[in-house]
Amino acid sequence: MVKPNKLANNNYLSSFDMTTDEFINILDLAKNFKNKKINIDPNNKVLGLIFDKSSTRTRVSFQVAMSRLGGTTIDLNPITSQIGRGEPIKDTARVLSRYCDVIAIRTFNHSDLEEYAKWSTIPVINALTDLEHPCQALADFLTIQEEFIDFRNVVLTFIGDGNNVANSLILCGALLGVEVRIACPRGYEPNVSVINKALEIYKNKNLLKIIHDPYDAVLGANVLYTDVWSSMGEENQKEDKDKDFKGFTINSSLVRKANKDAIILHCLPAYRGKEISAEVFESKISRIFKQAENRLHVQQALLAGLLS
């Protein structure tokens, strides 16, 4: 049975806030939680949630994870709290540090998250920013590990916008030595600084590829992953993106070009007929709802690691 080790970094703002060993330990711990082989009571600790963006899976999975750990959750609505009236982040962070034991924040600007971490005296977790979605990536790689065991056998192809999800997949791929391919239209590549950070870690620089033809990108791949084309806050770009991403739908034709053991991932919500066909979404090779369940287990493990 795996026991939680205190994470060396007090915060989890980026996938790179963990070492490779810590990342693997969190996955192992998550599997123990999933199989109900471990029970940890963090002495009625309190998790504060600050979500500037809509959320279903992240919000609920954090609340359930904290409850299963024996703690409680306080959900701060930015509209009805003083945050919505413009209270400085440094003031909010210092006050919440006296009420809560850990804070999970979903916001637009990554710099705002870093400002919370700067002024907070308790752990801060990135529950999604425009730059990264590291908790999602933890669940993604737990799902991949459950399917393929050895990460060295994995070729992960992400098809779609080079967004926060793609950025976190790249960083985690670098930590674990996984081949990651990002298939996107020109002009929608992942963040350059993220790519450069990943290349500093990758022992084999050729394991990270940016490809503009989705059919080339899926050759030999055994994980096909997609996300919405228009992220939250990009609703005004939807029409343009729908045109630009034509041909980047994961459908049966694309799946046939991948490995025979390929699985399908999607971080949800999904728009059938856009980034993924309804047929593939509901197919036997889809692991989408297993992936969604794993959000709960990895976040329970993450909270245990930060609070232990």
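Glycine is no exception: its Cβ is also placed from the backbone N, Cα and C atoms.
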Matching residue for the L-ornithine site, where Swiss-Prot names D227, S231, M232 - out of N164, N167, N191, N294: N164
Rounded distance in angstrom between the Cα atoms of S55 (carbamoyl phosphate binding site) and M232 (L-ornithine binding site): 10
Between R57 (carbamoyl phosphate binding site) and D227 (L-ornithine binding site), the C-alpha gap once rounded to whole angstrom: 14
Among the L-ornithine-binding set N164, D227, S231, M232, as the record gives it, the longest Cα-Cα distance in Å: 12
When distances run from the Cα of D227 (L-ornithine binding site) to each of the binding-site residues Q82, C135, C267, the nearest one: C267
CB within-chain contacts under 8 A for C135 (carbamoyl phosphate binding site), separation at least 6: Y12, T58, I125, N126, A127, L128, R295, V298, Q299, L302
